[in-house]
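Summarising the annotation, Swiss-Prot assigns disulfide bond to Cys50-Cys65, Cys57-Cys70, Cys64-Cys77. If you look up Swiss-Prot, you'll see 1-21 marked as signal peptide, on the strength of sequence analysis.
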Amino acid sequence: MKASMFLALAGLVLLFVVGYASESEEKEFPRELLSKIFAVDDFKGEERGCKGFGDSCTPEKNECCPNYACSSKHKWCKSI
């Protein structure tokens, strides 16, 4: 009884994986995923005039972006 339940469950999992793989090939999932990843990397490459969360800063200067403040103890931008 346990073996037959295990085989039935394994068969369902295999059916799901095969169906998902064939569907993702139709949608060109890998290409879409890679294009989205590279689009995010291009966005990160843009220079901005302020420093974001976790960036090093000098407490005396106002270098952090809005809604962030430079921690005098740790010397990095943190949320206010």
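Every residue, even glycine, has its Cβ placed from backbone N, Cα and C.
Worth saying up front: this structure is predicted, and the values here are computed from it rather than measured.
Feature map: annotations from Swiss-Prot on the structure.
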| residue | record | DSSP (3 states) |
| --- | --- | --- |
| Cys50 | disulfide bond | coil |
| Cys57 | disulfide bond | coil |
| Cys64 | disulfide bond | strand |
| Cys70 | disulfide bond | strand |
| Cys77 | disulfide bond | strand |
Candidates Cys50, Cys64, Cys77 (disulfide-bonded residues) - the one closest to Cys70 (disulfide bond) by CA: Cys77
Sparsest-packed among the disulfide-bonded residues, when each Cβ's other Cβ atoms within 10 Å are tallied, from Cys50, Cys70: Cys50
C-alpha spacing of Cys57 (disulfide bond) relative to Cys65 (disulfide bond), in angstrom: 11
Spatial separation of Cys57 (disulfide bond) from Cys50 (disulfide bond) - C-alpha basis, Å: 10
Length of the line joining the Cα atoms of Cys57 (disulfide bond) and Cys64 (disulfide bond), in Å: 7
For Cys64 (disulfide bond), nearby residues of its own chain (Cβ under 8 Å, 6 or more apart in sequence): Cys50, Lys51, Gly52, Asp55, Cys57, Cys70, Cys77
Which of Cys57, Cys65, Cys77, the listed disulfide-bonded residues, has fewest other Cβ atoms within 10 Å: Cys65
